[in-house]
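Reviewing the structure listed below.
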Amino acid sequence: MTDDGERHRQSRLVIDEDGTFDAERAREESLPVEDGEVIDTDELADHQRYVEGRGVYDERNRVNDLTGREWKYATKSVIAEGYPPALQHDLRSEHGGQKPPRLCAELIGRFSKAGDTVLDPFAGVGGTLLGASLCEHEGTGLREAIGFERTERWVDIYQNVLEAENEERRARGEPPLADQDMRRGDCADLIDDVPDDSIDLLLTDVPYWHMDELEQTRNERRTRESKLGSFDGDGPGETDAEGPDGADAGDKPDERDETQTKAAWLAEMAAKFDRFADAVTPDGHVVVFIGDMYREQSYEFLSAELADAIESTAPLTLAATLIWYDPTKDLHVYGYPFSFVPSMVHQNVLVFRPESEEATGN
Ligand SMILES: C[S@@+](CC[C@H](N)C(=O)[O-])C[C@H]1O[C@@H](n2cnc3c(N)ncnc32)[C@H](O)[C@@H]1O
C-alpha cells in the first residue's frame, strides 16, 4: 500500500512522450486526479476526502452524494441520453406516459442522498420508484420512495414489473430491486398521510392538460405521416423506445376532464404543488417533468406556464430548467411544406427549491 504522499510522488511519472501530465493514465492508475491535476491529498480540508476513482467529496454537500468532479457533470443543463427499452419496458409501455427508470435514477442521484425519501404523487407505472430502487445497485445508494397513483391498472403494472424484473435478476445472479411504497388513490387525499418536512425529493411527471385532444391530434398526424413517410425511413406505426413525445398519455380516458381549460389545469396543478410543498424538507427539491405541446397551430409553452403557476402559488422557487433530449427519437414530417411544426425530441425538467423561511415570512 502506498500512502497519499507516495502517490503524489508517483504522479510525476504519469507523463506522456512530450513530458506532459497524462491525466487519463493517472486516473486509470487510481491517482487522485481532479480537473486534470493530481491532488495532493495532504492538502485537503478536514471536510474533504478523496474517493478513489471519483474525485474529492466535500462532507458539507447537502444536495447529493456527488464529488466535485461528478457535480460538474451533473449540473449540465441538458441530459442528452436515449434510454433503450429496459426494466420490463413492454409491460410499462401500456401506460404511454412512462418515464425511463434510469433517467429517474439519474435525477434522483443529482437531487438526493443515499437513504433519502423520494415522493412521486403522480406515479403511473413507477418510473420514479424503480429509479429509486436502481440507485441501490447502480447509483450512490438506495432511496426510499413513495408513489401515489389513482388508476388501479398502473399500480398493478408496477407490481408486475417488479416481480418479473426481480425474477430475471435472480436468475442472472443479480440482487433484486427493492419494492417501494406504491399507494393507490388520489394524491390530494394521500398527501395528508405524509408528515411535513419528511420528503427530500419530490420527483414527478404531471398529468397533462387536454390529453384527449392530444391523442386525436397524434392519430391525425400518424395518418398524415403514413401518407408522407418519415425522414428517417421508419414506418409511422413503429413505436419509439421510450421518450418525450411533446406530452404524455397515461390517464385512462374515463378519468380525464375533457372540458378542462388550460387555466383550470394550471390552477389545479399549482394548488396541488402548494399542498405537496409542505411535505418537502427545507433543503429538498421538487423536480417536475413537463413537455411543451404544439396544438391548433401554436406552441403551448406549458413548461414556462406551469413553472410560473407553481412559483406564484406554492412556496417554491424555480432553480433550474433542465432539458432531457433523446437523440434516439424518430423524426417525422410535421407541417411540411406549409408551416414549421417542431418535432419534439426533448422534455423540460423544472427544478424547484422550497422558499427560505425568511422569504415566506415564517
Ligand atoms: C404522466 S403520468 C406519470 C407516469 C410515470 N412517470 C411513469 O413512469 O409511469 C401521470 C399519472 O398521474 C396519475 N394521476 C392523475 N391525477 C392523479 C391524482 N389526482 N392522484 C393520483 N394520480 C393521478 C395518472 O393516472 C397518470 O398515471
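Cβ from N, Cα, C; glycine included.
Record features (TrEMBL):
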- 1-37: region 'Disordered' (REGION)
- 93-159: domain 'DNA methylase N-4/N-6' (DOMAIN)
- 217-261: region 'Disordered' (REGION)
- 217-227: compositional bias 'Basic and acidic residues' (COMPBIAS)
- 235-245: compositional bias 'Acidic residues' (COMPBIAS)
- 249-260: compositional bias 'Basic and acidic residues' (COMPBIAS)
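If you average pLDDT over the domain 'DNA methylase N-4/N-6' (93-159) in this model, you get 95. Helix, strand and coil counts under DSSP for the domain 'DNA methylase N-4/N-6' (93-159) come to 31 helix, 10 strand, 26 coil.
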